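Accompanying notes for the structure given below.
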Amino acid sequence: MPTPSMEDYIEKIYSLIETKGYARVSDIADELFVHPSSVTKMVQKLDKDEYLIYEKYRGLILTPKGTQMGKRLLERHALLESFLSIIGVDPSHIYHDVEGIEHHLSWNSIDRIGDVVQFFENHPDALKTLKAMETTKPETKE
């Protein structure tokens, strides 16, 4: 199992490849706000663990294992964003909240959250009822 840090890299690499068609060390460093040397070190570890194939100065490609994991991680992130939006979390907090919880939930929990999201997507009246339950509370300091 990849560590939370490895998951962040795999997710970002997958996302870059999906949007740009490639992922360079410099692109990954820019996206994750880390030094290129940190990316190189992690990419070498991900290569060793067979999530990707890395050749110095030539770039990297995800293996089928890495592609499958990257897709699942990106879907997990999007699902958690949807869930937090459905339950009424302030949009300005959603990204940060997802980053804070995504590595601490089991895949079983993620699947159950997916069921809840799907339920509300398929039952707009239930979603209206949930939204009606939301109360305005003063913002709490974090």
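Numbering starts at 1 and runs along the chain as displayed.
Backbone N, Cα and C define each Cβ position, glycine as well.
Swiss-Prot lists D8, E99, E102, H103 with the feature Mn(2+) 1 binding site. The Cβ of D8 (Mn(2+) 1 binding site) has 20 neighbouring Cβ atoms from other residues within 10 Å, across all protein chains displayed. In the three-state DSSP classification, D8 (Mn(2+) 1 binding site) falls within a helix.
According to Swiss-Prot, the feature Mn(2+) 2 binding site maps to E11, H77, E99, E102, an assignment based on sequence analysis. Neighbours of H77 (Mn(2+) 2 binding site), defined as other CB atoms within 10 A of its CB across all chains, total 17.
Look at Swiss-Prot and you will find 1-63 tagged as domain 'HTH dtxR-type'.
Each of the binding-site residues E11, E99, E102 was ranked by the number of other C-beta atoms within 10 Å, and first place falls to E11. Looking at the domain 'HTH dtxR-type' (1-63) alone, the prediction's average pLDDT is 94. Same-chain neighbours of the Mn(2+) 1 site beyond D8, E99, E102, H103, judged by a C-beta within 8 angstroms of the site's C-beta center, are, in sequence order, P4, E7, E11, H77, V98, G100, I101.
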